[in-house]
Amino acid sequence: MLTCEICGEEVLLEDDMKTHLLLSHLENDMTCPLCCLSGVSYDELCLHISSAHSETQHREQGAVEVTCTSSSLAETNTDVTEREKPQTSQSCSASDNCDTIDEKTHTADSVRSKPNSTHERGGSSSAHIRLTTQSAKSRPHSVRLSVEDSDGVQSEHNKAKQKRLSSPRKEKLYSCPMCALVCSSCFVLQEHVELHLQEQHSAKGSALEVCSPALTSTSAASLSGDKTFECPVCSVVCHDSFSLQEHVELHLDCEAGSPDSDLELARQLQQEEELRKRQEEAHQEREGFKKLQRQFGLDGSGGYCKQMERTMERAVAKGLMAPVEFHCKRAELMESLASGIDDGRTRTQGVTRALYEYYQAECKDCVHVWLSADTDHYCSSPGDKGWGCGYRNFQMLLSSLQRIEVYSSFLQEKSVPSIPEVQRMIEAAWKEGLDPQGASHFNQRLQGTRAWIGATEIYVLLTSLGIHAHILDFHQPTGPGDTHPQLFERVKQYFCQSSRSGKLPPRVIQTSLPPLYLQHQGHSRSIVGLEQKKTGRLCLLVLDPGSSVSDTKKLLNRDIYTAIRNVRKFPCSLKHKQYQVVTVQGVLSAADKQISILNSKKLSAERIP
């Protein structure tokens with residue numbers, strides 16, 4: 001007779017024993033019949049039984065039968081069900097089980113197992129297996145196994161099985177760090193752990209047998225202290241550089257399998273580069289547009305009134321202005337803005353008259369001097385400093401038109417408007433249909449902004465007032481050294497039109513013509529006269545809004561000899577690439593005004609040359 005070392009089953013032949021082991025133990029989950037150990041292989045279970053559960057049985061400590069929890073026993077067809085037993089942990093060792101049964105850790109309750117039916121090959125018989133806890137004087141908490149057979153006869157098979165299922169001796173036990181196995185010998189534990197490692201290495205394949213996932217390999221490397229190498233593609237960790245090289249080559253071989261991979265990578269890189277360039281260009285364009293908005297006063301930072309208030313507040317903070325003076329000037333500012341009339345703080349009168357007297361008495365080297373009609377000088381104020389030159393030049397032009405009989409009778413307003421009022425007048429002219437492109441450029445709005453205006457806006461203002469204006473565009477230099485000699489010739493033609501009689505004109509002539517509006521990049525000025533030297537050289541007489549009131553008033557006293565230098569402009573002083581000049585050529589009838597409005601939809605200037 002052959003006896004199974006695991007369950008005690010007896011068979012006659014060796015082939016029957018192999019079949020029994022295969023069906024009952026190898027193909028099913030291995031569970032120790034003496035303790036709660038499970039989830040191990042057959043070899044590990046054999047090592048566990050031989051080391052943790054010896055053949056010697058301590059009868060004075062009681063006997064406990066623990067049934068195997070495998071799904072079924074094919075040969076014996078025995079189904080044994082066991083109630084849950086109190087355990088201190090899920091994975092119990094053999095020593096824990098014995099200590100729990102032997103010592104005073106059991107309660108006084110009895111644990112009974114459900115009756116099951118056992119079928120033998122020779123016939124059918126039923127047996128009831130109970131786990132009872134009996135109390136005695138010497139051992140009050142011992143557990144005994146009672147087997148009641150239906151025929152009242154206990155077979156030799158059960159006796160042999162009960163002998164093998166005895167409790168283990170109390171020895172020093174060693175726990176496996178990778179599973180719940182407990183061994184009594186350190187050598188057996190070493191062999192058991194080596195089985196775990198062999199199974200792990202064999203599962204990874206021959207090509208990557210030394211490689212493992214990052215977490216497992218890292219923990220193993222930390223235990224062994226070996227240097228590891230991590231794959232830059234998939235983060236797999238290898239134990240040596242040769243394995244890492246072989247592993248990376250596998251990645252490269254897989255990528256080389258697709259012929260279009262390099263082409264797709266090149267396309268992707270090119271698309272990313274183009275996208276980056278477009279983003280940089282868009283960013284530069286936005287920054288450039290914001291810079292232009294700030295430069296031309298379209299950044300929404302406020303207009304004339306806000307700039308004036310901020311300037312006065314800074315003066316108060318620096319101690320240059322008393323709070324009482326601040327409130328007084330602010331009230332005057334509000335009153336001026338409400339009336340729409342310039343307060344006259346930046347105006348200087350009698351400038352052209354002073355120039356006429358100067359040329360009459362001095363400057364004998366001039367053959368002819370032509371002066372415009374009487375014109376007041378308007379300079380920039382703290383409220384429009386840096387952007388109000390176009391508005392100030394319009395005020396100079398309007399102050400001259402109001403003194404000329406032809407235009408004064410036509411103009412309804414006899415006062416010079418303030419800068420916010422000039423902005424309102426331009427917006428009203430846009431609403432009439434003048435220069436729709438310019439209106440779109442400013443988004444139909446000028447009031448409350450620091451927007452610059454140029455020659456086209458002056459043309460729109462004069463046309464809306466019923467005055468015939470004309471724009472001359474000197475779009476490129478026509479002389480040596482980037483000078484504009486044709487500009488000087490056209491200015492001379494403008495002032496000479498009032499003295500075309502056959503008589504010899506006087507040396508100094510004050511005409512009844514309004515000044516000319518001169519525009520170039522970033523600034524504008526007013527031409528109030530022209531002088532011609534004996535050599536034929538021409539010189540413009542220019543009033544600049546950038547000149548302060550104190551500098552302009554020097555023309556009215558004995559300091560005119562030094563102040564006249566700022567008024568004279570020779571060809572070498574005008575070297576901008578482009579200049580535009582606005583001339584006044586009379587008044588417009590109602591019909592002519594409508595024609596001018598229609599023509600302004602595509603505003604054009606006379607280009608010279």
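Heads up, the Cβ atoms here are built off N, Cα and C, so glycines get one too.
All annotation found in TrEMBL is predicted automatically rather than curated by experts.
Copied over from TrEMBL, here are the features:
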DOMAIN    4-25  domain 'C2H2-type'
REGION    74-167  region 'Disordered'
COMPBIAS  87-98  compositional bias 'Polar residues'
COMPBIAS  101-122  compositional bias 'Basic and acidic residues'
COMPBIAS  123-137  compositional bias 'Polar residues'
DOMAIN    176-196  domain 'C2H2-type'
DOMAIN    179-201  domain 'C2H2-type'
DOMAIN    231-251  domain 'C2H2-type'
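Residue counts for the domain 'C2H2-type' (176-196) under DSSP, helix first, then strand, then coil, are 11 helix, 2 strand, 8 coil.
For the domain 'C2H2-type' (4-25), the DSSP counts in helix, strand and coil order read 12 helix, 2 strand, 8 coil. Helix, strand and coil counts from DSSP across the domain 'C2H2-type' (231-251) read 11 helix, 2 strand, 8 coil.
Within the model, the domain 'C2H2-type' (176-196) shows a mean pLDDT value of 80, rounded to a whole number.
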